[in-house]
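Asks: Handing you this structure, nothing more for now.
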């Protein structure tokens, strides 16, 4: 093979690689909209709390946590309706988006897994807990109940959202989305599993304080503490990876569509 032929072969391989990359980006370029929609849903749910950002010294917490996090809600029924209406509507909108992309580009994504997971876990939540009818108040204490951990940590509409994001990550072959869903799940179980919200056990407080002697001995030196952030801040932290993903993936999709 002469030098000219070798150059043409190299150019052809480079063009094929570029075409394959563009096809992959176009196939999974639609994930930015579901990610952005879920982020907006999370951020919008901050309106369900009586004091989403302002500090307060006394709160009344309703269980289950229909607003999502263990803080004072404006109205438990409104919170319940928000999640059980907005979540299916969002999933339906995402389904319509993917069907449109399939017709326009001829590229399909296994989006029913995303919708089915979100609706399935939401339905399971509805089965496990009824519409709230009475207020159950919990006092501000640094002594969490382990029995309460498993119940309250799971009965929250944020977990169906986390499961749906992880399913979307699998369907879109996106490690970033899978990690984002896991991030939402971990934060949710931690924040809802102990009271007050943001409670840190003694060993965790020792690690954050740089004191490893108690951790190594198995007897924490600290009595524990609290990361005292308001619900609106926690929801913003949950949504942040999704917003970043939507911005990056949307930019990549736009460049691929423009042929750059």
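Any Cβ shown, glycine's included, is placed from N, Cα and C.
So TrEMBL says this about it:
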TRANSMEM  30-49  transmembrane segment
TRANSMEM  80-98  transmembrane segment
TRANSMEM  110-129  transmembrane segment
TRANSMEM  149-170  transmembrane segment
TRANSMEM  177-197  transmembrane segment
TRANSMEM  227-248  transmembrane segment
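Any idea what these are sitting next to in the structure?
Replies: Remote same-chain residues near the transmembrane segment (80-98) are listed as 30, 33-34, 37-38, 41, 44-45, 48, 66, 68, 108-109, 111-112, 114-115, 118-119, 122, 126, 131-132, 157, 160-161, 164 (criterion: CB distance under 8 Å, separation of at least six residues from the stretch ends).
The list of residues near the transmembrane segment (110-129) in space but at least 6 beyond its ends in sequence, with Cβ under 8 angstroms from a Cβ of it, reads 34, 64, 83-84, 87-88, 91-92, 94-95, 98, 154-157, 159-161, 163-164, 166-168, 170-171.
If you look at the transmembrane segment (227-248), the same-chain residues 6 or more away from its ends with a CB under 8 A from one of its CBs are 31-33, 35-36, 38-40, 42-43, 45-46, 49, 51-55, 67-69, 71, 158, 165, 174, 176-177, 179-180, 183-184, 187-188, 191, 197-198, 200.
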